[in-house]
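Novice: The structure's right below; bear with me while I get my questions together.
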Amino acid sequence: CLSVSSPRSAGSIHCEWREFFWNPRTHELMGRTATSWGLILLFYLVFYLFLAGMFVLTMYIMLLTLDDYKPTWQDRLTTPGMMIRPKGDQLEISFSVSNTESWDGFVQNLNNFLSPYNDSYQVQTNDNCPPDQYFIQEDSGEVRNNPKRSCQFNRTMLEECSGVSDRFYGYSRGEPCILIKLNRVIGMLPGKDGQSPYVTCGAKREDSDKIGRLAYYPPNGTFNLMYYPYYGKKAQVNYTQPLVAVKFLNASVNTDIYVECKINSNTLADGNERDKFAGRVSFKLRINDK
Amino acid sequence: WNTESKPNYGRSDSYRVATTQDKDDRSPKKKKGAATKDMDDLKKEVPITEHKMSVEEVCRKFQTDIVQGLTNAKAAEFLIRDGPNALTPPPTTPEWVKFCRQLFGGFSILLWTGAILCFLAYAIQAATEEDPAGDNLYLGIVLTAVVVITGCFSYFQEAKSSKIMESFKNMVPQQALVIREGEKVQINAEEVVAGDLIEVKGGDRIPADIRVVSAHGCKVDNSSLTGESEPQSRSPDCTHDNPLETRNVAFFSTNCVEGTARGIVICTGDRTVMGRIATLTSGLETGKTPIAKEIEHFIHIITGVAVFLGVTFFILAIILGYSWLEAVIFLIGIIVANVPEGLLATVTVCLTLTAKRMAKKNCLVKNLEAVETLGSTSTICSDKTGTLTQNRMTVAHMWFDNQIHEADTTEDQSGASFDKSSVTWIGLARVAGLCNRAQFKAGQDSLPILKRDVAGDASESALLKCIELSCGSVRAMRDRNKKVAEIPFNSTNKYQLSVHETEDPNDNRYLLVMKGAPERILDRCSTILLQGKEQPMDEEMKEAFQNAYMELGGLGERVLGFCHVMLPEDQYPKGFAFDTDDVNFQTDNLCFVGLMSMIDPPRAAVPDAVGKCRSAGIKVIMVTGDHPITAKAIAKGVGIISEGNETVEDIAARLNIPVSQVNPRDAKACVIHGTDLKDLSQDQMDDILRNHTEIVFARTSPQQKLIIVEGCQRLGAIVAVTGDGVNDSPALKKADIGVAMGISGSDVSKQAADMILLDDNFASIVTGVEEGRLIFDNLKKSIAYTLTSNIPEITPFLLFIIVNIPLPLGTITILCIDLGTDMVPAISLAYEAAESDIMKRQPRNPFRDKLVNERLISIAYGQIGMIQALGGFFAYFVILAENGFLPSILVGIRLNWDDRSVNDLEDSYGQQWTYEQRKIVEFTCHTAFFVSIVVVQWADVIICKTRRNSVFQQGMRNKILIFGLFEETALAAFLSYCPGMDVALRMYPLKPTWWFCAFPYSFLIFVYDEVRKLLLRRNPGGWVERETYY
């Protein structure tokens, strides 16, 4: 590799590359000597440490400006989302009545989900609040009124869908229960004049004759006002999210039913068109009889 | 014919001229043989031999008759055999090929690759996922659109300048007077065939190469072919072995200035000398422009970085447990993210702007990339005639009263004047005005004298204009002194005389005036006019005459002697019949009046321009077909040979020793004759080019010009060639940048050139160099600016992959930066003024000074880019945190975050979010990241204004840049706040405070770079400069 002056050829290009990686004459690795590499790496190390320091500092200052109990902005949460349980990978409740395995997962899911709602546990941790009015626990000035207490939502309030009387939540009989919950939003007041928001479900478009009769638990499918407002995870550690159960009493079998449930409230705005889960929730129900 | 790869042995032999056959049979590559051989053939000197034959032999060869000419039948036969007498136009590239070249050349390749990768990634996604994200598809489409639009833009830009080119062509069909079957017929020049007997007269263009058989005072202007500015006389005798030098051949497309001649056509069309040169020119391969090489190098670097990053993160992704397909998509995504989408457009616009600016200053650029080439130029090979000189003989000196007087040779008559009161001068002016057949063409009274057209010989015209300028109307003078008899100039007498009546009506004597070759005139004189008094011509005066003659001749000037005598009335009474054929009057014992010498003077602006080139480190070499003495004189006059520098011959003359004893290293300047050049080996040639700073090549043939250019290029120089003649066109084509003259240039030369000086002024080249250097510097800045934002664009995606956070910056916002907000500031950097006097530094070394180098990448990617990325991420974290998602829960949240079925995702405060709700926040983050990049790019564009100076030294005078700052901010605000943007581009309004997140980082960029530049200025050559000066 010494013939630098010789004309370029395939061999010398290969040679150039090899020399670029390690030049034995100048002791250069990739075109730099050890000192040169050392200096540049040291520079970048110091430089990046400084940048990291600066970033941490700005982040720290930013975090200082945040409130521990309430996020700075909630304007994206004006309409709370709604969600159903049980939930698989998709929002699809599809099972065969006769095939236990097809609904066993749903039942397990509901069992797990409802375990914190066991009456014994609720009574132990939460208060029995006066219904149909907000359970307001204001802080007095600078002094925080923490931890805040929460109201009981007992599993038995779901009656037929509590899993107490019917271990299989009606799935074994083709009368499945679906639990509906309203997303938690700190400080949200979902009703006024003592009127609690309630859930109504209906079929979409042509499925209306297939959906059959529905039963709502608690009665009228209400989210009682006493569960609001929510004070956040830090202040209200034991908050229990209220639920509404919908039981499909005689839905058509062997057919896809597109169900949409929505919240009816006199304070919450209708969600925007694009968000299919703000103030409403849609899912597919299919009950096979075999 | 390929310079790069072929071994060089034997090549220099093949140049070696003329009549010798190509002895060595080099044929290692037989396939290329035919084409190669052709080109080598063309490179040899002209193979014409007819000039050495007798007229009869020529007639026999072409089966023609010296009186009758060809028969019509023969002529028709030859026409079919040889084809029409016209140059084959150079193969024009079809428009679609030109368009495709724009579409797929250079930088576009990078974008095409990116687009294809995008489509590939989308195809993979479409095949594997149910609901593929459209990002890759859109990106692919946008990339394609960018390439196509920029391609169209530069195509139309070049089409525009080629239109200007076309307007140069004049399509007047040429006529020729031929004698066929004994009759003179006027035919179209295209129908002339070999063997035709043709007649030309003053003012005609010679229709083909002809062997002169008879001539009457015929002179031809060969300047476009050989570069000689003086018309050459033609006669039937062979005077030189070299067909270009001999008197009995006249060449196609040269002009007959005066007299008449008759000749036999020996070559037509492409076989003519001119045709061979044109073919040689169009057959030459030209290398890539320096900027194209730079862009290629840049693409290498960018591709290297992209592939390195891509592969690293591909491996990381595999390690992190992503599937192969996902990892491949990431790989493609990262590679594509490295493509600076807007840079192609930026570079094109920057070059176009400079091209426009240059066009305004009379440099028309035919090829956009050539804009920068002049800036990299390290050697200019300039033709003399018409480029450095005015291509117009002008009286430069006079010798009378035993003293040399200098005439004003400047174009605008601003030069020095001499004492016009001497009686001798009045006498000299009278002789020069009367013994002169030239006259102004009619109808030009309104034009300045120097601009008027003259009918007649170049030196007589020079005298005419000189006398008209200093003594008023020559016509009136001639009217007052009626011409009685005249003997025109001929080559045996070497003088011209005329006899006139005197002005004084009472004086019945006749005045005889004579001019001619000084030594012949002196021989006929017995007295000399000194201060208006006739004195006997003694030895002392003769010596004084000799000295003056030598001195003027040494200046490369053509010297004429003038004398007169009043014929005694007793011998020549009024009405004496002067017989000019059998001279019956006194033509000796005359009175010598003086000498006048003429030269084609340099253009006024040239010395200054040459000086500027020299201080800019550019070597100016003169290459001319003219004689060495004239060439050297002009070279000294314009500073190509600077004052105090001597050639070997000068040193020999000064020290009075033989030339061979002088150490050639002592002489910085040298003048090389074409015939010597023929005998030089390649090594000797390199030696000359390397060791002499001031070189003049004289008497060079077009082929030799080409060899000189190649020699310079072999030494690594980037060569510019200026010229106007056909003889320059091979060199123009071979040069890295050929510069042709717009007014005086021949079509062939304009065709071959890359740039055209619309005002024919060499000084415009200096402008070109300055603009070229400036655009190179400014392109660096533009690229540094544009590349920097690549890092804040890539890092979000990398972190998205590695730590599974919600995507901080999306494809659309990246495109908004690259093709939106970054564009105007990047382009505005093209308007940036130079930091220092760019004409005082050396030309860039194409091997070391790259457009984009590791240091630029280090600064842009490693330093400024990283700060920018942090600024963007800070804004991202602020928005998420203020909405409830603290940084601590973000890591690893991606799977749930991007899951459409999860509509109760919990944030740090226990609130629950639907998919759409959190996506709006995510897109708001994209918008904020985008705005943050705009904010940090403010600082970036300000620091990119300079590479060494502080912004406080440079100032903020670049109005376009200030406009750019406002424009990008307004655009960012528009994109964020315009209603409907949430649907169209998924960009959301920002809270005012979010605009300020990146401010500290913007400020840091500014401070950091100012400190860096301060260190750079404080320690020239120090570590900071070695590592960060790009």
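Backbone N, Cα and C define each Cβ position, glycine as well.
Automated prediction, rather than curation, is the source of TrEMBL annotations.
According to TrEMBL, the feature compositional bias 'Polar residues' maps to B:222-236. For B:49-123, the entry in TrEMBL reads domain 'Cation-transporting P-type ATPase N-terminal'. Sequence annotations record features per position, and here TrEMBL assigns region 'Disordered' to B:1-41, B:222-241. Feature annotation from TrEMBL assigns transmembrane segment to B:103-125, B:137-156, B:298-322, B:328-351, B:783-803, B:809-834, B:855-879, B:920-939, B:960-977, B:992-1008.
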Novice: Would you call the transmembrane segment (B:855-879) and the transmembrane segment (B:992-1008) in contact, using three or more Cβ pairs under 8 Å, pairs 6 or more apart in sequence?
Specialist: yes
Novice: Please compute the mean pLDDT of the model over the domain 'Cation-transporting P-type ATPase N-terminal' (B:49-123).
Specialist: 84
Novice: Taking pairs 6 or more apart in sequence, does the count of Cβ pairs under 8 Å between the transmembrane segment (B:103-125) and the transmembrane segment (B:992-1008) hit 3 or more?
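Specialist: Contact between the transmembrane segment (B:992-1008) and the transmembrane segment (B:103-125): absent, because fewer than 3 Cβ pairs are under 8 Å.
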Novice: Let me check one thing: do the transmembrane segment (B:298-322) and the transmembrane segment (B:328-351) come into contact, meaning three or more Cβ pairs under 8 Å with sequence separation of at least 6?
Specialist: yes
Novice: Under 8 Å, at least three CB pairs between the transmembrane segment (B:992-1008) and the transmembrane segment (B:809-834) (pairs 6 or more apart)?
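Specialist: Answer no, regions not in contact.
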Novice: Taking residues 6+ outside the transmembrane segment (B:809-834), which of them lie with a CB under 8 Å of any CB in it?
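Specialist: For the transmembrane segment (B:809-834), the sequence-distant neighbours (Cβ-Cβ under 8 Å, at least 6 residues beyond its ends) are 135-136, 138-139, 142, 146, 337, 340-343, 345-346, 349-350, 353-354, 773-775, 777-779, 781-782, 785-786, 789, 792-793, 796-797, 872, 876, 923, 925-927, 929-930, 933-934, 937, 941, 944-945, 954, 957-961, 963-965, 967-968, 971-972, 975, 985-987.
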Novice: Could you pull out which residues elsewhere in the chain have a CB under 8 Å from any CB of the transmembrane segment (B:137-156), counting only those six or more residues past its ends?
Specialist: 98-99, 102-103, 108, 111-112, 114-116, 118-119, 122, 336, 339, 341-342, 344-345, 348-349, 352, 368, 811-812, 815, 819
Novice: Please work out the helix, strand and coil residue numbers for the compositional bias 'Polar residues' (B:222-236) from the DSSP assignment.
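Specialist: Per-class counts: 4 helix, 3 strand, 8 coil.
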Novice: DSSP helix, strand and coil counts for the domain 'Cation-transporting P-type ATPase N-terminal' (B:49-123)?
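Specialist: The domain 'Cation-transporting P-type ATPase N-terminal' (B:49-123) comes out at 49 helix, 1 strand, 25 coil.
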